[in-house]
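According to TrEMBL, the features are:
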- 233-243: compositional bias 'Acidic residues' (COMPBIAS)
- 244-260: compositional bias 'Basic and acidic residues' (COMPBIAS)
- 9-221: domain 'Cytochrome b561' (DOMAIN)
- 225-260: region 'Disordered' (REGION)
- 1-28: signal peptide (SIGNAL)
- 61-80: transmembrane segment (TRANSMEM)
- 92-116: transmembrane segment (TRANSMEM)
- 128-147: transmembrane segment (TRANSMEM)
- 159-181: transmembrane segment (TRANSMEM)
- 193-213: transmembrane segment (TRANSMEM)
């Protein structure tokens, strides 16, 4: 089980790296004036007005809250259900998962509307290209979630794998794009983003620790249950042996008493 989980995690990381490599703009060998002007536009300092500064901060907050917090929280919530036996608790966790993902999609949509209506949308840099792809996948993910087949149906496993892989990929690529966005903001404005980078790193590290710890915790719980089951089995055997000891000596005593 653990080996299968590691293989799935490696597959997700590989797919995310492939998406990032495809979305990253490549540099041509020939340095034509147009390409030089385009690269100049990418690194050109951004003149911040109070309105634009507020819009950039709001855009960062919306996307950070969406793909950098609520979507990973939804993944953790749905994974907790594998350790819960109460039907009521599972239902509560499931609805919390759905609610967190709906709010995340709404926040991401607000961030997309804000960026499209107020920012430069030449899509000539990595942050904008990844963001455009993320907007499409973020809307695709809830549609796949609502089309969930019933248990026991033929395509249930395929649906589960697709929904799981896409959700993890959105979280990983989304967090990476938040880092890229902060780096772009620093390049364009010259303002330090180190405190926000440290805060995001701490948050992502904590969520990754909880995500990986859940597999280990499942293993520990199974081992403990097996030990308890074996201990109960040993107690039952001891009780049987003790009951046999209480019966057979009495019979032997009767037999000895009868024989002269």
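Including glycine, each Cβ sits where the backbone N, Cα and C put it.
TrEMBL labels come from automatic prediction, so no person has curated them.
Taking Cβ pairs closer than 8 Å, the transmembrane segment (128-147) reaches residues 19-20, 23-25, 63, 66-67, 98, 101-102, 104-105, 108-109, 112, 115, 121-122, 159, 162-163, 166-167, 169-170, 173-174, 176-177, 180-181 in its own chain, all 6 or more past its ends.
Computed over the domain 'Cytochrome b561' (9-221), the whole-number mean pLDDT of the model equals 82.
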